[in-house]
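As annotated by TrEMBL, NAD(+) binding site applies to 59-61, 99-102, 130-132, ASP135, 155-156, LYS177, ASN206. According to TrEMBL, the 7-phospho-2-dehydro-3-deoxy-D-arabino-heptonate binding site annotation covers ARG146, ASP162, LYS168, ASN178, GLU210, VAL211, VAL212, LYS213, LYS273, HIS294, HIS310, LYS382. Taken from TrEMBL, the feature Zn(2+) binding site covers GLU210, HIS294, HIS310. The active site, schiff-base intermediate with substrate annotation in TrEMBL covers LYS1262. Here TrEMBL flags 1348-1430 as domain 'Shikimate dehydrogenase substrate binding N-terminal'. According to TrEMBL, the feature domain 'Quinate/shikimate 5-dehydrogenase/glutamyl-tRNA reductase' maps to 1470-1523.
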Amino acid sequence: MAADTTTAGAGRPLELAEVERISILGAESIVCGFHLADYIWNDIFRSLAAASTYVLITDTNLARLYADKYQESFAAVWAHVNPERKAPRLLVHVLPPGETSKSRATKSAIEDWMLGEKCTRDTMVLALGGGVIGDLVGYVAATFMRGVAFVQIPTSLLAMVDSSIGGKTAVDTPAGKNLIGAFWQPKRIFMDMAVLSTLPAREFSNGMAEVVKTAAIWSSDEFDVLEASAEEVRAAVLEGQSGGSGSSGLTVASRSAAQTQLLRVIAASARVKAYVVTHDERESGMRGLLNFGHTIGHAIEAVLSPQVLHGECVAVGCVLEAEVARRMGHLSEVGVARLTRCLRAYGLPTAMDDAALVRLVGERRLAELKPKRLLDIMALDKKTVGAQKRIVVLKRLGATLEMQPTAVADALIAEVISAGVLVQPVPEQAAEQAAAVVVVPPGSKSISNRALLLAALGKGECRIRNLLHSDDTQVMMGALQAMGGCEFSWEDDGNTLVVVGGGGHLQVPPHELFLGNAGTAARFLATTANIIDATDASTVLTGNARMKQRPTGPLVDALRANGCKIDYCERTGSLPLRVHHDGRGLPGGRIQLAASVSSQYVSSILLCAPYAREPVVLELVGGKVISQPYIDMTIAMMAQFGCRVERVAENTYAVPAGAYANPAEYVVESDASSATYPLAFAAITGTQCTVPNIGSASLQGDARFAVEVLRPMGCTVEQTATSTTVRGPPRGQLRALSLIDMEPMTDAFLTAAVLAAVATGGDTDGVTRIRGIANQHVKECDRIAAMCDELARFGVATANHADGIDVHACALGSLKPGVPSVHCYDDHRVAMSLSLLACVSPQGAEIRERRCVGKTWPQWWDVLARDLGAPIAGADPAEETSAEDAKADVAKADASIVVIGMRGVGKTTLGRVAARALGLVFVDMDEHLESEVGQTIPEIVNGAGWAAFRQHESRLLAQVLTQTHATGALVVCGGGVVEEEANRRVLQQHRARGGPVVCLTPNMQHVAAYLNRDRSRPAYAVTSDINDVYARRLPLYAECCSHEYLVDKALLATGNAGDDDERPGAWAVIERDFVRLLRFASGRDLNRVSLAHPSFFVSLTAPDVRAYLPDALPRLTAGAHAIELRADLLLHAEAFASADLADAGTADLFVHYVHRQFTLLRHFSRLPVVFTVRTVPQGGAFPQSADALRMRLLHSAVQWGAEYVDVEVDSLAPALYAARQRSLVIASFHDPSGTRLRWAASECEFADEILARARACGDVAKLISSARSWKDNVDCLDFVERNHSAEHPLIALNMGYEGQMSRVTCPCLTPVTHPLLTAAAAPGQISVAQVHQARALLGLLPAQRFALLGTPIQQSPSPAMHNAAFGALGLPHTYRLLETAAADDEQVAALLRAADFGGASVTIPHKQTVMRLLDALTPAAERIGAVNTVIPVDDGKGGRRLLGDNTDYLGIVDCLRQAQLDCTGTADGRLPAVADARALVIGAGGTARAALFALHTLGVRSVVVYNRTAARAQELVGEFADLFDSLGSVESLEQAAEAGQLAYIVGTIPGCDLMIPEALFAQPAGVALDMAYKPRWTPLLEAAQKHSGWTVVHGVAVLVEQGIHQFEKWTRLTAPAAIMGDAVYAQYNAQF
């Protein structure tokens, strides 16, 4: 129809649009166009039956935009059409927006309103709005007066293409959506595309779900267009109205290209639905096809709405229902992958755990999407027939299996929608009868990603076949498209990707490139982005939380050195990266790259090198190159694309400048890593499998797996150039491999480890040792650690090494019974490999994260079940059990930490230190705000006022904690952030999501003094005293915080003069303990006591902790595992002895006093704290009437970070247990009379009841009675043996003299006293030494032998040190010298294997040779390459293993940390922060190795090594380079001084006679440590002590500290450090 601008008399001219009509049910009732208001009324008045009343119903949002317009148009058009007649009524009714309006109550209210307005049967109702308005108003029209005329005017994309077409109307009920309604066809559906100009981006995506769905069921051609044109379609919808006049698009001639595209997309989708509705109006068959994605999608929507939109739920439903079709064998994986990719391209979620859904509703809400609940909701779905659920099953994109929904079994649906999968054992008989199978794995991920990048950078067209359709390749394709470097299209139903390369001409992407956890894409694109030809622009590459932990540092370092400008946006060494473009591109020339961590760094530079400005010579440095086969693969593929790389030296490659020439076709090999899984299935089950397209000619290193791993393990292997067939030996007869180097095929180690777990055959000891896989520590997860942890769930023992894993085989019948629940760490290879072990495990296994296989083989579960014959079912993994709490805590450790508190308390200073220590991004909200606003805070406040500042603050705080830095950051807020309710709500929500919010409690005198000096922030109002401000904010801080930390330097004063006598290093102590609290609050280090062995806590009794400081506390806590702070005994302090605790002011003062006491303990002890408030009736001193204050103290202890909080089993206990956060609750009951708590089986009913109550509200139960006879101790022991376990720990004992023996037999956390305490905390308490002496007499603590191995050792103080410690703690052990020239002589072997061997120290010359006698090494000992401590450990099978450790480095670390506290510096400067400090190690022997590892542990990042033999120094540097940002060697000490100021110098050469240059001490403050302790003053220490700012550490101090660590590792007791030191120095001083 032509546009008509006829003038209506004296009125304005009408604007009648040119439209496109679509036929439905025999009439052209669907009208599409732009600016349709006049057209709508004109068409209604001229073409439809006249009405006496027109009712326009809309919502408040749309009413503001369109109500006046439609009312004005109504009048104008009526005047034009019927100028002589009186206009009918136009009534407008406005509803609240949102899904809640779509209810029976709203429908009734509308009907009552219409009746009140005297509407009759000739009324016409118009619905102006989205799906909610259309469905609701349509249902009103269907039932009002038994049906009135109805017109749809959809205003959202979703309503246009879906709900407005077909006549379905309905309202929601509590039982589900759209369950009550009617079919009522609208007379017209007017789609005015102009209204989409105001459509939010999320609503665009919401509508596109239906557009994509329609194409997927009906038209492959339309799907191809949508798939290839996502950005164009997005622009058409969201930007289609921009750039034109107010009536642009009214006529065909005035339409822009974007408007034309927009109309085409919407009309195409509408035509499909119109056709289907026409042929099946009442949904008896074909119309059910339109519900593709809706069966599952509606169920999801019922749980997650209204936060998650309909289209978002349908998008997830489409993918899941496509997976159902794939699982049934009808739809290819290519089809599922293309559908997933297309939906993602339009910004839609595609999985139930999609990050977008997590952001919208949170993890807790998503956890409600349980399979059973979803299936119950689906049972009410209108497509369900009886009990049979029906789903639209695709057979390919654009076509369905049937012209109606297909019946699908519940079990199959449950399998697809479950988070996990239950893999059940393959029966041996079934396996024997199974025919040989052929499995074709998907295309190689490594080759696919390389092929995509090569073709995109190349010139011309390339058809890529067998491309892997996975998360990783989708990420790569999306990024390349965003950079405008190529064009993609599909052929052969998606089996062939056509790439039109851009010849290396890339553009700045319109948004940051989110790469998920795709390591290959991240590394490749980090170099590719530098090719972009642009100036004054940048590209950001980012990823998910795990990707932000994976290293990219060596690659970035190499690119930076080559002249590229790249910034780390968060953590140094990892994504996100910002690549700056200045027109220079990739410079090229000689590039040096460290390639010992990942070969992907090498491939990244090689692939992009042809597009550098200069020809590239790439030199690989920094140690052994990892995964050489992948580098060879890259070079071979580059040659296939026309670029030949020359290997000019072993680790040097020359790449000519130029451009790739795309081959016409490129066929991607199947993935050799994935091929290991079906081949290993044959090996482990004794069946046969062939992989037809992986053979000896493969480019991939993992193709060797069958020949080099499976054949030696006993499999029959036939391999040609292009295929591999494996036949496994009879089940249970795989052979262990004593040692296998898997460096050429590192990704396949997981498969090998699973086979090794049951490889009990052969002549070996049943241990398979896999090496050469160091890079697997830094893949999608730490795969080596993951396999150790998960194999343990099957009962398989392992050992984790720096470059490998040892797997101790377990016979099939000896695998742990039950169904292990396997964690996959979001790692596809972990999931697939362990699913193989499940196939032969007695009861199978639950794989918790089934979808993680989508990274490389999305249909793996289909293959495992359908092709390989493993029975599988859906699994809904249960919440973590209590035994897994620690791992669950660590999983939450990535939530950002927020720090709040008054200005001047030290938030920024402490925050920077903590962020560095925890590896977090530091965000100062004040600095962030100034950067974002472009003004300083004083400028904002002075210019626009505090209100404006607070508005900025609120906006940015919400953005930071919910979007940009929700995880992985430490966020410091301004002091007044809690003044705004919106901010408090954001902080509370962050806390509820598991994010720690830590409030710093100040010493207000210190804060006031600081604020008087600080002029960087606006001053408080003249009328606002700083203390008044703090008093006002204090309850607001309490509302928001999860934890609290007291910052008060006065606590560390050396005397009574306050800050004038501040202890050197006081602030360093505050920093250290703040980091400790954050580690605890975030779950990184919970500092808990092992309850599997006897343990003790010492109960302090003085009313002031300072009575024990500084010297007594370490002595009285020797042997203890924790310290009990009895808050009730603090009431005996003079200030509170007679205080009225009911007085609010007094209560506040007491809480603050207790907080100071708690903080003092933290500053002077590393032991966990047991915080207790014992009431008078329970044997304590706290008044029973002060319950409110008691609860406040207990809750405060949780916030202060007390590891254990003791609460009595009463009304307060459940509330505290619910709010315990990271603390563990000890639920206790004390019976001082001993009359109620009885232990004997015949009279323990009350004890059993209290125990049950304690366990219901506590993590540890504590029952204390009083002994009336010695037999009560025997009864107590029987009660403990009946009820105690490591999983359900119980402290049970008797008080009083007669009950002391029960303290000796108490299984864990026994309260003890000490002679230095003036009184015991409870009657009958004894010391740790007394407990040990009694246990020894009872035969519960056998005497053990310890020794020092080495020569010469006659002057060693170690026997004196350790024997003094044993004596002090009442241990019956002895330590002696065992001087021997050989570590493996008979004396040593006899000692190590003796039943009473307790441990050994090892010194020169045996620190390396003793390793041959040991069963395992700690990671530290393995990395250092030396053992100085041998520890016998339980092997879990009733025997012992010998573990080698190294405590030398721990001694160095402790001494350096103490020296940091003691180092005062000078007026010229202080000791720099560890991360900014440089260190020197003198020497290159074994001790130097320990020193380097110690500096790494301490956090030093830059070190130089000097040795008189330079070659040895260089060798040492090569071995340890990966631990530091900078590690080099120098040829002289003078050169070390010239390289930069040193803060730490560690000498490791015995009897060193070097000349020490003064220039080494140019730094105003530093620490010099010499490991030699003969002589006392070495040349290094003599030189250092001449400089007042330097602290010296003698080697004997390290000897003591490392001995302390040895003692604690042997005995699991806190060492009597002072006594050990005294013993050493007594001997040392006598000798020197």
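Placement of Cβ uses the backbone N, Cα and C atoms for every residue, glycine included.
Where TrEMBL records a feature, it is marked here on the structure.
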residue	record	contacts (Cβ under 8 Å, 6+ apart)
ASP59	NAD(+) binding site	VAL94, LEU95, PRO96, PRO97, GLY98, SER101, GLY129, VAL132, ILE133
ASN61	NAD(+) binding site	PRO97
GLY131	NAD(+) binding site	PRO154, SER156, LEU158, ALA159, ASP162, SER163, SER164, HIS310
ASP135	NAD(+) binding site	LYS102, SER163, LYS168, THR169, ALA170, VAL171, ASN178, GLY181
VAL212	7-phospho-2-dehydro-3-deoxy-D-arabino-heptonate binding site	PHE223, LEU226, ALA315, CYS318, LEU339, CYS342, LEU343, TYR346, LEU348
LYS273	7-phospho-2-dehydro-3-deoxy-D-arabino-heptonate binding site	VAL161, ASP162, ILE165, GLY166, THR214, LEU290
HIS294	Zn(2+) binding site	VAL314, GLY317
LYS1262	active site, schiff-base intermediate with substrate	ASP1206, ILE1226, ALA1227, SER1228, PHE1229, ALA1254, LEU1290, ILE1291, ALA1292, LEU1309
Local Cβ density at ARG146 (7-phospho-2-dehydro-3-deoxy-D-arabino-heptonate binding site) - other Cβ atoms counted within 10 Å: 7
Inter-residue C-alpha distance, ARG146 (7-phospho-2-dehydro-3-deoxy-D-arabino-heptonate binding site) and ASN206 (NAD(+) binding site) (nearest angstrom): 33
ASN206 (NAD(+) binding site) CB neighbourhood, other CB atoms within 10 A: 29
Stretch-averaged pLDDT - the domain 'Shikimate dehydrogenase substrate binding N-terminal' (1348-1430): 93
Extra residues within 8 Å (Cβ to Cβ centroid of GLU210, HIS294, HIS310), Zn(2+): LEU158, ASP162, ALA209, LYS213, GLY293, GLY297, HIS298, GLY311, CYS313, VAL314, GLY317
Cβ neighbour count (within 10 Å, all chains shown) around LYS168 (7-phospho-2-dehydro-3-deoxy-D-arabino-heptonate binding site): 23
Fewest other Cβ within 10 angstroms of its own Cβ, chosen from the binding-site residues LYS102, SER156, GLU210: LYS102
